[in-house]
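Below is one structure, written out as C-alpha cells; comments come after it.
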Amino acid sequence: LVLISQHWDVFKYVTEVFILVPALLGLKGNLEMTLASRLSTAANIGQMDTPKELWRMITGNMALIQVQATVVGFLASIAAVVFGWIPDGHFSIDHAVLLCASSVATAFIASLVLGMIMIGVIIGSRKMGINPDNVATPIAASLGDLITLALLSGISWGLYKELESKAYVNPLVCAFFIALLPIWVVVAKRNAATREVLYSGWEPVIIAMAISSVGGLILDRTVSDPNFAGMAVFTPVINGVGGNLVAVQASRISTYLHMSGMPGESPDPAPRKCPSPCSTFFSSDVNSRSARVLFLLVVPGHLVFLYTISSMQGGHTTLTLIFIVFYMTAALLQVLILLYIADWMVHWMWGRDLDPDNFSIPYLTALGDLIGTGLLALSFHILWLIGDRDSDVGD
C-alpha cells in the first residue's frame, strides 16, 4: 500500500500525510491492542462469561475507542500540520483541513471496523479454548496497520480530489465526526469498566501519538530525499513487527499479574523494579521464555516480508546482503530494546496501581515506531555513506 500510494498526488503535494502515517498507525495499534489486551484479560479472569457482562464490555469499550480515536486523530492532524510547517515555514489552510478530515475519518472508521473484529476474535478464541492474549493482540496490530493505511490512502486521495471543486467537503467531514463525540462519551460513561479509562486513559495515548509523530517527522524528512525513498516501504514493516511482538509480551505479562490480584498488589515472588537483561531474557520465568520466543521470531518474520517486497519489485532499493544485514540488525535491536522496556514498564505500572492493559501498550508501540524509524533511517544513511547506492532508486 505504501509502495503504491506514495506516488499519488496527495502524498507528493501534501507531504505532511507521511507524518500522519506513523502517528495513525501507532494510534490504531494503541487503541486496538489496548482494547484487545483489556478484553483478553477480562475474558481470562471471567468477566465476560454471561451475556449481560459480555454486552456491557462490548458497548462500553466500543464507545470508548471511538472517543479516543476521534480526539487523538484530530490531535495527530494538528501535530502533522505543526511538524510540517516548522521546518518549511509554509502553511496552507486547505492542506491543514485536508489533514484533519483525513485523520479523523480514518481513525473513526478504522476503530469501528477493527473493534468489531477484535471482539469477534476474542469471543471465538475463548470458546475454542485459546488464550486471547496470543491471538487478539497481534491480529489487532497487523490488521490495524493494513486497514488504517488503506483508509488513510483512500480517504486522503478522495478528499484531495475534492479540494478544487468542492472545498466545503473537508470541513464538513471534520465537523460530522467531531459532532458524534458527545454520543460516544455518554455511552462510555454509563459503563463502570470504561468510565475510569475515559477520564484517566488520555495521557498515554496522547503522549504516544506525539512520540509517533516525531517518528513521522523523521520519515517525512527522509523520504523527501530521493536517495532514501525506499524507507517509505520498510518503515511500516519494521514498526509493525516490533509493535506486534512487544504488545503480545506486554499483554501476557499483564494477564499474568492480573491472575495474582489487582494493580498495586505485588505478586509472589515480587518482580524486580529494574530487571537486568539476564532476568528478562535468560531466566526460567514464563515471561522470560515468551520473550526469547518472540525475539527469535524477528529474523524469520522479517525475511518473509523482505522476500515479499523483493518479489513485488518494490522498495526502491536492491536487497543486497549488506542491506539485509543492516536491516536485520536494526530490527533485532529494536525488538530487544522494546522487550526489555516492556518487562520493566508493565511491572512498574502495576506497582503504582496502574492497569498495564490500559497504559503500557500505547507507550511501547510509540517507542517502537520511534526506535524503528530512527534505526532504519540511520541504516539507510550509513549504507549511503559506505557506498551501497542503488541504481534503481526512484524506479
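Cβ atoms are placed via backbone N, Cα and C, with glycine included.
Annotated features in TrEMBL:
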DOMAIN    21-155  domain 'SLC41A/MgtE integral membrane'
DOMAIN    235-378  domain 'SLC41A/MgtE integral membrane'
TRANSMEM  62-84  transmembrane segment
TRANSMEM  96-123  transmembrane segment
TRANSMEM  135-155  transmembrane segment
TRANSMEM  167-187  transmembrane segment
TRANSMEM  199-219  transmembrane segment
TRANSMEM  291-309  transmembrane segment
TRANSMEM  321-341  transmembrane segment
TRANSMEM  361-386  transmembrane segment
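Recorded stretches compared: 96-123, 199-219, 321-341, 361-386; the one with the most Cβ pairs under 8 Å to the transmembrane segment (167-187) is 96-123. With a cut-off of 8 Å on Cβ pairs spaced 6 or more residues apart, the transmembrane segment (62-84) and the transmembrane segment (361-386) reach fewer than 3 such pairs and are scored as not touching. Panel annotation: around the transmembrane segment (96-123), residues 10, 14, 16-17, 20, 23-24, 27-28, 31-32, 35-36, 39-40, 43, 48, 54, 58, 61-62, 65-66, 68-70, 72-74, 76-78, 80-81, 132, 135-136, 139-140, 143-144, 147-148, 151-152, 155-156, 159-160, 163, 169-171, 173-174, 177-178, 180 of the same chain, lying at least six beyond its termini, place a Cβ under 8 Å from a Cβ of the stretch. Residues 234, 238, 241-242, 245-246, 249, 275, 277, 280-281, 291, 294-295, 298-299, 302, 306, 364, 367-368, 371-372, 375-376, 378-379, 382-383, 386, 388 of the same chain sit 6 or more residues outside the transmembrane segment (321-341) yet have a Cβ under 8 Å from a Cβ within it.
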